[in-house]
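Chemist: Following this message is one structure expressed as structure tokens.
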Amino acid sequence: MTKDKEPVVRGFHVVCIMAIIVGAAIQFSDESEYLVNMSKANLTHVPKGLPPKTKVLDMSQNYISELQIPDVRFLSGLTVLRLSHNRIRQLDFSVFKFNQDLEYLDLSHNQLRKISCHPIVSLKHLDLSFNDFDALPICKEFSNFTQLNFLGLSATKLQLLDLLPVAHLHLNYLLLDLRSYYVKEHDTERLQILNTKILHLVFHPNSLFSVQVNISVNTLGCLQLTNIKLNDENCQVLIKFLSKLIRGSTLMNITLNHLEVTWKCLVGVFQFLWPKPVEYLNVYKLTIVESIDEEDFTYSQTTLKALKIEHIRNRVYLFSQTALYTVFSEMNIMTLTISDTPFIHMLCPQSPSTFKFLNFTQNVFTDSIFQNCSTLVKLETLILQKNGLKDLFKVGLMTKDMPSLETLDVSLNSLKSDQHEENCTWAENIVMLNLSSNILTDSVFRCLPPRIKVLDLHKNKIKTIPKRIMKLEALQELNVAFNSLTDLPGCGTLSSLSVLIIDHNSISHPSANFFQSCQKIRSIKAGNNPFQCTCELREFTKNLGPLSSEVLEGWPDSYKCDYPESYKGTPLKDFHVSQLSCNPALLIATIGTIVLVLAVTVTFLCIYLDVPWYLRMASQWTQTRRRARNTPLEELQRTLQFHAFISYSEHDSAWVKNELVPCLEKEDVQICLHERNFVPGKSIVENIINCIEKSYKSIFVLSPNFVQSEWCHYELYFAHHKLFCEGSDNLILILLEPIPHNSIPSKYHKLRALMKQRTYLEWPKEKGKHGLFWANIRAAFNMKLALVTENDDVENLK
Ligand SMILES: *[C@@H]1O[C@H](CO)[C@@H](O)[C@H](O)[C@H]1NC(C)=O
Ligand SMILES: *[C@@H]1O[C@H](CO)[C@@H](O)[C@H](O)[C@H]1NC(C)=O
């Protein structure tokens, strides 16, 4: 984001870096396929047996001291050869005469003193810098290197005609290592005109700058100087050197690396360059020495667009801060970067300033920076990353008088938001605010610029996004990654939200209605949260639907279950719970349905198959059998003459004679029937009693007819009486036809009671059921009873 706000600075990079990339491009082509990396392998010789197809061979940082034809001749496809940081002392370029494709040759940082030449016309990158050459190692064959882009050289002395063979080449980058260069007394050396876009000169790191060479360069776009040590006395040497190089030049970029300088000289160099055709000035690794005093600076018309100073070390301990900062704060340029310095402050410009872009990353600025400063009227971007800011309220206050401010980056500070949030003031136009890596809490949402579009709050201490926050209707991108949030926010007050970054929080059940609330969401990054793989989560992923991979950034890899334990580490996409177990209403409905179906089935069985009847019959049968087994046989045999007495209504006699009697007699059951066995001369009642007394069981055939018959009731009465007297279970009730309960006259309470107990056998209408019915009847007589003869009985009666 900040880079986008730095168009001018970017322009510089394009010019200077493109030139380098041309060389680098060769370096990386096809590397993966035929790359042999033998860097740092303690080699003293080029090893035998390299793959003949090798294209890229890296043998840098070894102890190789020589290179011969047999070492490389069979590598016919070799395009890149890195031999930097070895111990090669001399080289005959004809060793490469069989390597027709060689484009990149790095021999820097060896001990080369001598080369013998041979034209390698394919060469694009040749680095011979940082060697022990005396004169520039250029031979006339170099003039054929028409493809050459990069040339690195080193020398201890320069001569006018040294560069002649390469003067006509159109180089991109010329690196000249002059570390061992020594000055001849009062003798200004000259180098002839050459064509290069970038000229990089490296001087001795520890000697005062003393190069007196007069180099003229055509088409120079970038000048880089490395290792410049200046004091007040030799400051002019550099200025003179620069003035000759810049003379007649078009606009250019100047970069100074490793500059050790007095404050007075530094200001002098700036003052010298101010009216010159320089657009971008970069200083990397600046050390200020001796003293810092107030220096006059005339801010004349300048073409300078950007000044960038990175990494300042100050070896002056007592000085006026104002003297130091005023030079920078009053600069009439658009872009200023001062980063990685021990600066504790920056002054507010005295008059309306031209600054549009200020980058003060990694200094030690405090909350007092730019307080009540109303001259930064054009400032659009302010970066105060990695400083000592503490109070968010004050940061807001600082921006109050910056009417053009759109982008503010105060990340990596120690900002807190716990006071007076309600009255926060912000520049009206801020659209991008970077508050990441601070110690802000939930209350930050009450102290934000009202028109904010992009808000970065990652790596803070936010636990919730409060419901009651100011309306942030313009907010489109919100980054709250690496906080302690437990849920996704609703978009009630964030109506324009389209990008949400909320990974690495504590979200276990993201609320499913997020997507209803946040209609405009285009992208959400919510991975690496401790998801609880439960039903709620299922709702959430379901709401995503097929959009998962488009909307959810990092899907599916960074979305994993954290709980329950059995699912830990399972990707969310593989987590499935059934619809049923997640929906209580559905669950109840399903159980209800099952119960209903069962009930219907049971009812069906009862109605159409008469299951209860079967059950009842079966239970009677088992009971009868049990009782029969329990009754001692001898006791029964004493008095009995018949197995059964049958009592029935005249109206049912057809059934009794055709069905019941034949069936029983088939089983050898002796039956006492009144028309057959009643003794003449005795009263009916006597006969009945007699019959019942002499029978093992009494069978009553119940039907509405039975109820109407008075005699039948007598019979039942006696039989029941016997039941109570003897305690034996002698009654078998057969319900031939259903008897409506209320049709039984109330005086026959015995019958009523028996009917109520429902201990009767029902005569089934369906033929299929008759078998079981008879089996039940038979079970009641399942015994071997030896009966006394009728004669004995007559005797007994007497
Ligand atoms: C905010 O700053 C941090 C760290 O300084 C950086 O990584 C991040 O990309 C910035 N955010 C935006 C939206 O530019
Ligand atoms: C090279 O030699 C050093 C010192 O003898 C040793 O520590 C290192 O492991 C060696 N490296 C390789 C790649 O053999």
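Backbone N, Cα and C define each Cβ position, glycine as well.
Caution: TrEMBL annotation is automatic and unverified by curators.
Positions annotated as disulfide bond by TrEMBL: CYS424-CYS447. According to TrEMBL, the domain 'TIR' annotation covers 640-781. According to TrEMBL, the transmembrane segment annotation covers 12-29, 585-609.
Each of these features: where is it, how hidden is it, and who are its neighbours?
Modeler: For the domain 'TIR' (640-781), the number of residues in each DSSP class (helix H, G, I; strand E, B; coil) is 80 helix, 23 strand, 39 coil.
Sequence-distant neighbours of the transmembrane segment (585-609) (same chain, 6+ residues past either end, Cβ-Cβ under 8 Å): 579.
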Chemist: Could you give the mean pLDDT over the domain 'TIR' (640-781), rounded to a whole number?
Modeler: 75
Chemist: CYS424 (disulfide bond) has how many other Cβ neighbours within 10 Å of its own Cβ?
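Modeler: CYS424 (disulfide bond) is surrounded by 20 other Cβ atoms within 10 Å.
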Chemist: With H, G and I counted as helix, E and B as strand and the rest as coil, say where DSSP puts CYS424 (disulfide bond).
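Modeler: Assignment for CYS424 (disulfide bond) reads coil.
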Chemist: Measure the Cβ-based neighbour count of CYS447 (disulfide bond), defined as the other Cβ atoms within 10 Å of its Cβ.
Modeler: 23
